[in-house]
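According to TrEMBL, the feature transmembrane segment maps to 20-41, 76-96, 108-130, 136-157, 169-187, 199-220, 285-306, 321-343, 350-372, 378-405, 417-440, 446-467. The domain 'Major facilitator superfamily (MFS) profile' annotation in TrEMBL covers 28-471. Annotation comment: TrEMBL describes 483-525 as region 'Disordered'. The compositional bias 'Basic and acidic residues' annotation in TrEMBL covers 489-504. Residues or ranges marked as compositional bias 'Polar residues' in TrEMBL: 505-525.
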Amino acid sequence: MPVWECDPATMKGRCCRRNWSCSLIVAALVGAFGSSFLYGYNLSVVNAPTPYIKAFYNETWYRRHGQPIDPDTLTLLWSVTVSIFAIGGLVGTLMVKMIGKFLGRKYTLLVNNGFAISAALLMACSLQAGTFEMLIVGRFIMGVDGGIALSALPMYLNEISPKEIRGSLGQVTAIFICIGVFSGQLLGLPELLGKERTWPYLFGVIIVPALAQLASLPFLPESPRYLLFEKHDEAGATKAFQTFLGKADVSQELEEALAESRVQRNLRLVSVFELLRAPFVRWQVITVVITMASYQLCGLNAIWFYTNSIFGKAGVPQDKIPYITLSTGGIETLAAIFSGLVIERLGRRPLLIGGFGLMALFFGMLTVTLTLQDQAPWIPYLSIVCILAIIASFCSGPGGIPFILTGEFFQQSERPAAFIIAGTVNWLSNFVVGLLFPFIQKSLESYCFLVFATICIAGAIYFYFVLPETKNRTHAEISQAFAKRNKAHPPEVKADSAMAEEKANSQPETDPSSTLDSYGQNRIV
């Protein structure tokens, strides 16, 4: 059992356990509620009001042109409405490094609320204004918010977390994505906001988490690593460590960060192209690309396409399907919470490999049940079980760990560029799935799930042979774990070795950053 340690004299009333405080938990919850929650919410919120939004498009078109909208034009407008969210996400991802360099992690999240609030107002007022373009532009801006959030939030959580609970705290991102999806499904029920005249309020709800984050996050510290590395504010970093770790003596954590800071003293933030060319992070980059691609291409989005039809074939009345669909959001949330509870015990690697492996297994079973669903009345119910099992398998590992690994693989100067690469792959893969899946489904029908099973198996095999366990490891230790495969040691390893040798020979200690001078002052860490 963990031991509670509270010293009123030094902690000023903060409750702490081991080496973290309530401030750390509040920062994670508030950050995720105003960020990844909104991403999840906007993934599902468009499903329930689809017929009403299409009717609004048709009505607006008729008022402008004096004739009903062509069905193909309506399909195109609706496709743009849904898919432009991913385009906005890509734009937001590309903006993160520029914004974060000047504002830091916390203030990037705060400024990002401006996108969420403006998007909420545009979408909520579109029906009253009679302008469907406001809804489309609002979806794009909301995508920008999501792109910034899914990069800035994992960076913030990674940098404020002790390594002992870095995985659990990082999993908060995935948990709130799932809660957001479930909330969108719940509020979209006809008894709540999923009605013809109230659907704009579904989009107006977005303003609540944004305002909650604006009201609370300013009272929490900035990332101590950002303060130390990029602002050179050692006093501010010490105070931030004390607040987040819940103890007065943070000398050990500060020394670990300072050791990295000395190595990077003369080094700048690297660009995306420099990170792609750096030999000592080559396999980290490849692993992040494959992880993010697998995250989007594993077929979970295809499951949502099939859910309603499978529930219908199982005998669920059409008007009851939205309520049964809530079970998928509930399973998502429970599985993500389970992953957060066990990730520090089991590690990232088993959850990721096991999650993709189980998804491949259940995709295979789903293919069989869909093929034989007319053979017996109970077979469609097996399809429902397979759907829920696929969702649970995804959220227990692959649903959140990719964001954690991106933060863990890279040092401070590399991290913003790494999240740009990860986010770009994430959003482009999302767009590709939305673009190509209808054609795959039309060509292969129920056998399309075998394509996703193959992707899941390939991902699991790659992670088995390449991915090291990152649980409870420092960033330097993780870099060393990749060094043999990269066939190049990161410069900080060389610096640490040189310093250790000097100490052994009882020579005066030199600045580790000096070992980098001959390597090149502006090279990558």
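Residue 1 is the first one shown; counting continues down the chain.
Using N, Cα and C of the backbone, Cβ positions are placed for all residues, glycine too.
Note: the stretches the transmembrane segment (76-96) and the transmembrane segment (136-157) are in contact (3+ CB pairs below 8 A, sequence gap of 6 or more). Residues 82-83, 86-87, 89-90, 92-94, 96-97, 147, 150-151, 154-155, 269-272, 274-276, 284-285, 288-289, 291-293, 295-297, 301-302, 305, 402-403, 406-407, 409-410, 448, 451 of the same chain sit 6 or more residues outside the transmembrane segment (417-440) yet have a Cβ under 8 Å from a Cβ within it. Ranking 108-130, 199-220, 285-306, 446-467 by CB pairs under 8 A with the transmembrane segment (350-372) puts 446-467 at the top. Contact check: the transmembrane segment (108-130) against the transmembrane segment (446-467) gives fewer than three Cβ pairs closer than 8 Å, residues 6 or more apart, which falls short of the contact criterion. For the transmembrane segment (136-157), the neighbouring stretch richest in Cβ pairs under 8 Å, chosen from 20-41, 199-220, 285-306, 378-405, is 20-41. Long-range Cβ contacts of the transmembrane segment (169-187) within its own chain (Cβ-Cβ under 8 Å, at least 6 residues beyond either end) map to 24, 28-29, 31-33, 35-45, 47-48, 150, 153-154, 157-158, 160-161, 193-194, 202, 205, 322, 325-326, 328-330, 332-333, 335-337, 339-340, 343, 395, 399-401, 403-404, 407. Counting Cβ pairs under 8 Å to the transmembrane segment (378-405), the stretch among 20-41, 285-306, 321-343, 446-467 with the most such contacts is 321-343.
The recorded stretches the transmembrane segment (446-467) and the transmembrane segment (285-306) share 3+ CB pairs below 8 A when only pairs 6 or more apart in sequence are counted, and are therefore in contact. Mean pLDDT of the predicted structure over the domain 'Major facilitator superfamily (MFS) profile' (28-471): 86. Counting same-chain residues at least six beyond the ends of the transmembrane segment (199-220), those with a Cβ under 8 angstroms from any Cβ of the stretch are 23, 26-27, 30-31, 33-35, 37-38, 41-42, 45, 48-49, 52-53, 106, 109-110, 113, 116-117, 119-121, 123-128, 135, 138, 142, 184, 187-188, 193, 243.
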